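A.B. asks: Starting off with a structure, shown below.
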């Protein structure tokens, strides 16, 4: 009975979201130069390698994925084209990194989130501004925006100079669990993608934003390989479920009470 329900959900969602395919560009398009002022790039200090994306949420904090952690990193803000520098680009280093350690009612799938306090505040500018945290959870069926400098081919890796942007659909979590049975029955992650395939986040997009209704609703977490397969959406850490933790740390309370 459960399998029938999941298959029915997949069919209904595939048919309903097919109607929205005209809103999407296969594989994503180059982001508009003014639409990603909050998008940051994480680099390894020693190798200079691009690691992950992240999101500026205020002048002093960046939100990204915990699996993007490396001992020595720097954060680049205001970048569009890796080979063309803007006058207002800024570089910062982590002053402190915070990881979500709560265990009550949270599985390992729910904890891929890292809050970075920058070594000094960022100045808002033409190409730098924070993105709002969510005021409410996103609704299934929402069309959301993803972006990043991650690979644009899979399984072989091709990294672009300019970030790519695409629209994907927020799906019911049961869709992801139907495709990936090892997922827990309940999760505080978001399931999102395009069931027809061809559009997806991929390697090195990790840590970047899932934006729904102009708010940061998700952090790029995990997806199948190769990327962008039909009927195989990806998982995003649900920011709304970590909101109290984030806001408490920003307010100076680093011994945060875990949410229920």
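Here the Cβ of each residue, glycine as well, is placed from N, Cα and C on the backbone.
Straight out of Swiss-Prot:
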- 1-18: signal peptide (SIGNAL)
- 25-251: domain 'Peptidase S1' (DOMAIN)
- 31-165: disulfide bond (DISULFID)
- 52-68: disulfide bond (DISULFID)
- 67: active site, charge relay system (ACT_SITE)
- 102-258: disulfide bond (DISULFID)
- 105: N-linked glycosylation site (CARBOHYD)
- 112: active site, charge relay system (ACT_SITE)
- 144-212: disulfide bond (DISULFID)
- 156: N-linked glycosylation site (CARBOHYD)
- 172: N-linked glycosylation site (CARBOHYD)
- 176-191: disulfide bond (DISULFID)
- 202-227: disulfide bond (DISULFID)
- 206: active site, charge relay system (ACT_SITE)
- 253: N-linked glycosylation site (CARBOHYD)
A.B. asks: Tell me, how many other CB atoms lie within 10 A of the CB of residue 191 (disulfide bond), whichever protein chain they belong to?
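C.D. replies: Residue 191 (disulfide bond): 25 neighbouring Cβ atoms within 10 Å.
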A.B. asks: Whole-number answer please: how many Å between the C-alpha atoms of residue 52 (disulfide bond) and residue 206 (active site, charge relay system)?
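C.D. replies: Checking the Cα atoms of residue 52 (disulfide bond) and residue 206 (active site, charge relay system) gives a distance of 5 Å.
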A.B. asks: Which one of the recorded positions (172, 206) has its C-beta surrounded by the most other C-beta atoms within 10 angstroms?
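C.D. replies: Compared across 172, 206, the most Cβ atoms within 10 Å surround 206.
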A.B. asks: What three-state class does DSSP give residue 102 (disulfide bond)?
C.D. replies: coil
A.B. asks: If you measure residue 176 (disulfide bond) to residue 253 (N-linked glycosylation site) at Cα, how many Å is it?
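C.D. replies: One finds 35 Å between the Cα atoms of these residues.
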A.B. asks: Which of 31, 202, 227 has the fewest nearby Cβ atoms, counting only those within 10 Å, among these disulfide-bonded residues?
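C.D. replies: 31, out of the disulfide-bonded residues 31, 202, 227, has the fewest neighbouring Cβ atoms within 10 Å.
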A.B. asks: Nearest to residue 68 (disulfide bond) by Cα, among 102, 112, 227, 253 (recorded positions)?
C.D. replies: 112
A.B. asks: With an 8 Å cut-off on Cβ-Cβ distance and a minimum sequence separation of at least 6, pull the same-chain contacts of residue 253 (N-linked glycosylation site), or say none.
C.D. replies: none
A.B. asks: Can you give me the Cα-Cα distance between residue 144 (disulfide bond) and residue 206 (active site, charge relay system) in Å, rounded to a whole number?
C.D. replies: 16
